[in-house]
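Asker: Checked TrEMBL, it gives:
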{"type": "DOMAIN", "residues": "A:4-248", "note": "domain 'Endonuclease/exonuclease/phosphatase'"}
{"type": "BINDING", "residues": "A:ASN7, A:GLU34, A:ASP147, A:ASN149, A:ASP247, A:HIS248", "note": "Mg(2+) binding site"}
{"type": "ACT_SITE", "residues": "A:TYR106", "note": "active site"}
{"type": "ACT_SITE", "residues": "A:ASP147", "note": "active site, proton donor/acceptor"}
{"type": "SITE", "residues": "A:ASN149", "note": "site 'Transition state stabilizer'"}
{"type": "SITE", "residues": "A:ASP218", "note": "site 'Important for catalytic activity'"}
{"type": "COMPBIAS", "residues": "A:238-247", "note": "compositional bias 'Basic and acidic residues'"}
{"type": "REGION", "residues": "A:238-257", "note": "region 'Disordered'"}
{"type": "SITE", "residues": "A:HIS248", "note": "site 'Interaction with DNA substrate'"}
{"type": "ACT_SITE", "residues": "A:HIS248", "note": "active site, proton acceptor"}
Amino acid sequence: MKLATWNVNSLAVRLPQMLDWLQTHPVDALVLQETKLTDDKFPAAEIQAAGYHVHWFGQKTYNGVALISREPVAADTVLRNIPGFPDEQARVIAGTLGSLRVIGAYFPNGQAPGSEKFAYKMAWLEALRAWVAEELKQHAELVLMGDFNIAPEDRDVYDPVAWADQIHCTVEERAHFQALLGLGLVDAFRLFEQPPKSWSWWDYRNLAFRKNQGLRIDHILVSEALRGRVSACEIDKQPRRNERPSDHAPVVLSLGS
DNA sequence: ATGGTCGGCCACCGA
């Protein structure tokens with residue numbers, strides 16, 4: 001089976017591109033971030049007409065996530081945001097597909113080290129880790145994927161010197177990423193040899209995509225029980241070449257039986 | 001050439 005994550009940066013703008021992509025990449029599940037839609041405006045009918053089931057969780061203007069799947073995800077398995085962590089911001093959606101627990105997340109950006117938004121990012125990361133630890137007790141087969149807004153290592157950054165201690169690259173953010181791995185999760189992308197300078201996000205500014213100046217901040221983490229079944233994990237740069245692209249590329253995971 | 005972007009939504013903020 002195939003699973004994917006994509007920060008679409010406004011589903012209202014990107015819906016046609018997303019449906020096109022699903023046609024050529026018929027994944028079993030796709031999690032979206034930054035839908036930027038209130039729930040009443042979510043294009044469920046269009047997604048269902050394309051042959052998919054979907055659960056969604058949004059808000060006005062910012063954030064917003066969705067879980068799209070070929071097979072239905074039972075509503076009583078769906079969680080929105082982190083239990084016990086009151087949050088105005090719609091960032092997490094989880095659901096169960098067969099024996100597989102799928103968590104899609106839009107991690108806080110954090111703006112800049114020392115800012116209020118950075119403090120929120122740290123608190124959110126702490127709550128996420130504690131919750132995912134609980135989820136792992138109930139679901140041996142678990143995938144955590146989304147826009148982490150963390151570049152785990154210097155090789156995930158086009159200019160690690162310029163980005164040293166900047167947002168996405170601080171010691172604190174990287175420690176949180178490692179703590180997630182410490183729960184027994186594996187960065188599926190790094191299970192394989194990958195092209196050097198593999199990024200998942202390129203700033204709209206400064207011709208960053210043309211110059212391949214990006215960061216790898218979108219990730220798919222899999223639990224130990226799934227590790228042996230992972231047959232591929234790739235970033236699909238093609239949609240970033242579209243007209244009016246998202247600034248993020250999808251990341252795709254292939255899982256054997 | 002030292003700037004150069006988007007999206008949401010209308011004056012800027014957030015990324």
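Note that Cβ sites are derived from N, Cα and C of the backbone, with glycine treated the same way.
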Asker: Sequence order is fine: just name those binding-site residues in A:ASP147, A:ASN149, A:ASP247 with a Cα within 10 angstroms of the residue listed as 'active site'.
Answerer: A:ASP147, A:ASN149
Asker: List, in sequence order, the residues of the same chain other than A:ASN7, A:GLU34, A:ASP147, A:ASN149, A:ASP247, A:HIS248 whose Cβ lies within 8 Å of the centroid of the Cβ atoms of the recorded Mg(2+) site.
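Answerer: Sorted by sequence, the hits are A:ASN9, A:GLN33, A:TYR106, A:TRP201, A:ILE217, A:ASP218, A:SER246.
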Asker: Specify the secondary structure state of A:ASP147 (Mg(2+) binding site) as given by DSSP, simplified to three classes.
Answerer: strand
Asker: Report the same-chain neighbours of A:ASN7 (Mg(2+) binding site): residues 6+ apart in sequence with Cβ closer than 8 Å to its Cβ, ordered by sequence.
Answerer: A:LEU32, A:GLN33, A:GLU34, A:TYR106, A:GLY146, A:ASP147, A:TRP201, A:ASP218, A:SER246, A:ASP247, A:HIS248
Asker: Are there any residues at least 6 positions away along the chain from A:ASN149 (Mg(2+) binding site) with a Cβ closer than 8 Å to its Cβ? List them or say none.
Answerer: A:PHE107, A:PRO108, A:ASN109, A:GLY110, A:LYS121, A:ILE167, A:HIS168, A:GLU173, A:ILE217
Asker: Which residue counts does DSSP give the region 'Disordered' (A:238-257) for helix, strand and coil?
Answerer: 4 helix, 6 strand, 10 coil
Asker: How many other Cβ atoms are found within 10 Å of the Cβ atom of A:GLU34 (Mg(2+) binding site), counting all protein chains shown?
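Answerer: Excluding its own Cβ, A:GLU34 (Mg(2+) binding site) sees 23 Cβ atoms within 10 Å.
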Asker: What number of additional C-beta atoms lies within 10 angstroms of the C-beta atom of A:ASP218 (site 'Important for catalytic activity')?
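Answerer: That number is 25.
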Asker: Which state, by DSSP, holds A:TYR106 (active site): helix, strand or coil?
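Answerer: In the DSSP reduction, A:TYR106 (active site) maps to strand.
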Asker: Can you see whether DSSP assigns A:ASP218 (site 'Important for catalytic activity') to helix, strand or coil?
Answerer: strand
Asker: Rank the binding-site residues A:ASP147, A:ASP247 by the number of other Cβ atoms within 10 Å of each Cβ and report the first-ranked residue.
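Answerer: Within the set of binding-site residues, the most crowded position is A:ASP147.
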Asker: Where does A:ASN7 (Mg(2+) binding site) sit in the DSSP three-state scheme?
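Answerer: A:ASN7 (Mg(2+) binding site) sits in a strand per DSSP.
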